[in-house]
């Protein structure tokens, strides 16, 4: 992979520039960015797995340590308050030494409740950035996640630095290794649970390390959009496999989906047609194109596909207008990707947070942005046999538009989704997923 150290220099300079810019605009003196703290399970002494504040992760790859803080004014070297308690119950992390540490003044915190000793004495013009507003109250922050600051950072997080792009390429490389292992396990007859174990082993990450709960769906389970159950027994008849699974690197996410048929049949041909359509949609990405228009184009392409495979009848434009395509493809084409899987600012029109909503008929679209260089998005068209949606379609008079015999033929296969992670450049698109050989 790329040498991160020189890339990080420019990344931290950009972070400092953004802070200085927004502080001047919002008339603030500095930001205190809290990594977060543990959440305890109800009536128990066990904590939920810790997930760091994404605004904290944007600065440095300290991902699993609560009670840390970044203090920054955009001018001076930022301070990292690093939590290192005296604790004989748990492993205590070493003081970090890495490519990024020289860019911070590191102060050690041994007791979380003593952090006030390391904060500025007057917090009137400092803003707290984080989840735990009760902590902010106790410490005396008057400015807590101010809209002007949050909207600014969310907008600018959409434009990835070279360091961030390098991290996302590496996250894709790791995830592709897992996808290859999972595909092999499927064809060898593994259960969903066994495929999941093969995937995690191949990427060297645990269930709490990956950026989201993997979707490992065999047969009809592939029709459940966010299927996260794992059946331990392999199915008696093996028809299809949908895997939506990612990986993390330095806090940045990969989010990749593939679908496979166990045998050569009409479903296999449908996968190939969907794959061709997905590649065409990636080719349509360029600066100045609104993502909403790509999503609408997907519905018109899907309508043609439904007609070609005899799944629907009529005119393609009517299938879109009547919402028939939305029954088979109810989710959005994709979303922003970065520190979060569904990254922020998908609906932002500017750095002030002006909201551009999804079209009324496409409420599950997660992005309405105009594409620009350094944006990273997923492109993930789908096709599913979802009985609850088909029942609604039958009930409201659109049943004649559907070939129910073909629907019944495809039902055991569940559905298809194909998803790549794409960087928008000025003159080209960079499909990180395909570039790594995952076809």
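Note that Cβ sites are derived from N, Cα and C of the backbone, with glycine treated the same way.
The Mn(2+) 2 binding site annotation in Swiss-Prot covers 244, 255, 419, and the record cites sequence analysis as its basis. According to Swiss-Prot, the Mn(2+) 1 binding site annotation covers 255, 335, 380, 419.
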Length of the line joining the Cα atoms of residue 335 (Mn(2+) 1 binding site) and residue 255 (Mn(2+) 2 binding site), in Å: 10
Separation of alpha carbons, residue 380 (Mn(2+) 1 binding site) and residue 244 (Mn(2+) 2 binding site) (Å): 10
Secondary structure of residue 255 (Mn(2+) 2 binding site) (DSSP, helix/strand/coil): strand
Integer Cα-Cα distance in angstrom, residue 380 (Mn(2+) 1 binding site) to residue 419 (Mn(2+) 2 binding site): 4
Output field, Mn(2+) 2 shell: CB within 8 Å of site CB centroid, site 244, 255, 419 dropped: 215, 245, 246, 256, 257, 378, 380, 417
For the Mn(2+) 1 site built from 255, 335, 380, 419, further residues of that chain with CB within 8 A of the site's CB center: 244, 256, 257, 334, 337, 377, 378, 379, 420, 421
Nonlocal residues around residue 419 (Mn(2+) 2 binding site), in sequence order (Cβ under 8 Å, 6 or more apart): 244, 255, 256, 257, 258, 278, 334, 378, 379, 380, 433
Which of 255, 380, the listed binding-site residues, has fewest other Cβ atoms within 10 Å: 380
Densest Cβ neighbourhood among 244, 335 (binding-site residues), 10 Å radius: 244
